[in-house]
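Structure record follows, encoded as structure tokens.
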Amino acid sequence: MDPSSDYANDPYTWEGLSGWKSYRTLRPFRGMYWDVRRRLPWYWSDIRDGFNYRTLAGTVRIFFINLLPALAFQLDMTRNTDGYFGINEALFSSALAALVFSTLSCQPLTVVGITGLISLFNYTVFAITEECGIRELYPEFIAWVSIWAAITHWITAICNWCDYMRYITDFSSNAFGMYVAIIYMVKGFQEVTALYYESNPMAAYLGVVIALCYFFSVVMLEMIGTTTLFTPSIRKFIADYAYPIATVWWTGFSHIRGHIRDSGLARIPHTRAFYPTTDRSWLVAFWTLPVKWVFVALPIGILLTLLFYYDHNVSSLTAQAKQFPLRKPAGFHWDFFLLGCTCFIAGIVGIPLPNGLVPQAPVHTDSLTEYKDTLTRSKEKDIEPEGSDWVQHSRKVVTATLVREQRISHFLMALALVGFMTGPLLNVLHTMPRALFAGVFWAVGFSGLTAMNITQNILYCLSEKRFADPSDKRTTLKKPRIMYYVFWQMLGVTFSLAVSFTRAAIGFPVIIISLIPLRWILLPRLFTEHELLILDAPTADADTVLASICGRPTLPEVRMAEEKRRQQGGDGEMGDGSGSGSTCGGTNGMRSREGFKDDEEKGLEGDEGREEARRGFQSTLQTGHA
């Protein structure tokens, strides 16, 4: 397939097929084949496009945002698995994923590593093995969980089931992102409270101070990118290197001579270079596990696949979200097959299973995006009070002009992670105070909380209506209806959190997955078409991304509204086909949804496009360049 292909008319479609050919499961490898065929012509471009400054900035930024949470979760797993997972396991897992996905994946922008959810999953399984009296079999048992997960990953990719990720909208992805962000915040508090049990009161108090200072430092440094301070280059530089600046500064602070250095601050533990933390080999003797427990591990492996199916693919969607001007195609089926391979390898060598990083997912893409600051002048005249003069305003409008889509930054991160498994750099890690990682949790979690539409909708509803921007489409909705929409999102978040802190935590992927049918079946019956078109939107809408998952489907509220208008004798017309179920929208392979959009949807999209052009790129703490 030529790089200049029209992805709106991609050949990968189930439309127009009949009989056994219309069933995804009966056409194995079809999605994987088209993913590779679509992306392979871009492979050398992925390498050539990596030789620029943004690649360097992206490498440094994503390295720290990957490494620091991985080490933080490792400390959490060490406490809850009797030390089975340690520093080298965390580094090995992150390096393995970075090496595989930087060289072989169709979506090299998606950063894969250790997440809070796999940490939670690992030590919940550890607690289950303790209660079942097989604590000594935990390495073999978790290895079989990983093997079963790998097999079900491969089945999912081969049977083209990743197509169903096209039904992901901001309703479910933001609810999941909110859940993950809250988990990060909770882990930060657990980390600082652990200091009081594992060190002296003076060291614990100093640790809390360092954690809070680190958190505020990162937030403030990244927010400089949203201001008009300095020049665009300096603003971007500070935002790019917020994490390394804060890490070096507060690590150095913890070594100031006197009471600070002598307080007994807990630091990252020492470990041998390239060896497992415990006295074992890198190969787990998984073949020695009794057959009974091999099959007990099967349903747990399926639950893990459900988690990764949503977590990893949502990470890929948000890394290629609509705010980024991407031009290279995605490949969900192939990458999920690769994730199965890393699950298998990680399981038999006894390291945490890596998968897509949700809060950090768009950070890599953002750090590789070229932004342009434009001066925009406008005139304003007050309506109330009357008689005021025209006043000229100057403001900054930020536009995302180009994304440096390449593999080099991801590959360099893999090499750096391997380098940190060497003795000298392990000694460098030992200099870092453990309290700093509580600040890491808070910084990553807080950036996720502020970026979610749940938070933005709650703040809008709490704000005084007369000061609302007239161009904000939410002004056409009643605030109780907006809060009712948020209620359904928070219901999923609350149930997931409630389950996560019990022994049933391994079942929380079922709750997360259930948000998809909730959005597509229940919500269109509770909200009007107008309300859902304003409050929700597909997480990714670019043809280059959606071509891999069979295109963007017709939204159910649009289809229902059209059907209602047609029954009432209105002028609404249904499109030529349906994008729901097991088929793709459009006819004759057409992937665009233009034929399915009604007047209201087209009108809202036009208004949103004009408003986006006026405002420019909207910043969050995850987009420090804005």
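Cβ coordinates come from backbone N, Cα and C, glycine included.
Per TrEMBL, these features apply:
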- 27-198: domain 'Bicarbonate transporter-like transmembrane' (DOMAIN)
- 51-72: transmembrane segment (TRANSMEM)
- 84-102: transmembrane segment (TRANSMEM)
- 109-129: transmembrane segment (TRANSMEM)
- 141-164: transmembrane segment (TRANSMEM)
- 176-197: transmembrane segment (TRANSMEM)
- 200-538: domain 'Bicarbonate transporter-like transmembrane' (DOMAIN)
- 203-225: transmembrane segment (TRANSMEM)
- 282-310: transmembrane segment (TRANSMEM)
- 330-351: transmembrane segment (TRANSMEM)
- 411-429: transmembrane segment (TRANSMEM)
- 435-462: transmembrane segment (TRANSMEM)
- 482-499: transmembrane segment (TRANSMEM)
- 505-522: transmembrane segment (TRANSMEM)
- 557-626: region 'Disordered' (REGION)
- 559-568: compositional bias 'Basic and acidic residues' (COMPBIAS)
- 569-588: compositional bias 'Gly residues' (COMPBIAS)
- 591-615: compositional bias 'Basic and acidic residues' (COMPBIAS)
- 617-626: compositional bias 'Polar residues' (COMPBIAS)
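Among residues of the same chain six or more beyond the transmembrane segment (203-225), those with a C-beta under 8 A of the stretch's C-beta atoms are 188, 191-192, 195-196, 235-236, 238-239, 242-243, 245-247, 249-250, 253-254, 260, 263-266, 433-440, 442-443, 446-447, 619, 621, 623-626.
Sequence-distant contacts of the transmembrane segment (282-310) (same chain, six or more residues past either end, CB-CB distance under 8 Å): 117-118, 121, 125, 134, 137, 139-141, 143-149, 151-153, 156, 162, 176, 276, 336, 339, 343, 347-350, 353, 355-356, 506-510, 512-513. The stretch in 109-129, 141-164, 330-351, 411-429 that contributes the largest number of Cβ pairs under 8 Å to the transmembrane segment (505-522) is 109-129. Tertiary neighbourhood of the transmembrane segment (109-129): same-chain residues 62, 66, 69-70, 73-74, 76-77, 80-82, 84-85, 90, 93-94, 97-98, 100-101, 135, 137-138, 141-142, 145, 180, 183-184, 187, 300, 304, 307, 311-312, 315-316, 319-320, 335, 339, 342, 352-358, 360-361, 363-365, 368, 403, 405, 410, 413, 500, 503, 505-506, selected by CB-CB distance under 8 Å and a gap of 6+ residues from either end. Taking residue pairs at least 6 apart in sequence, the transmembrane segment (51-72) and the transmembrane segment (84-102) share three or more C-beta contacts under 8 angstroms.
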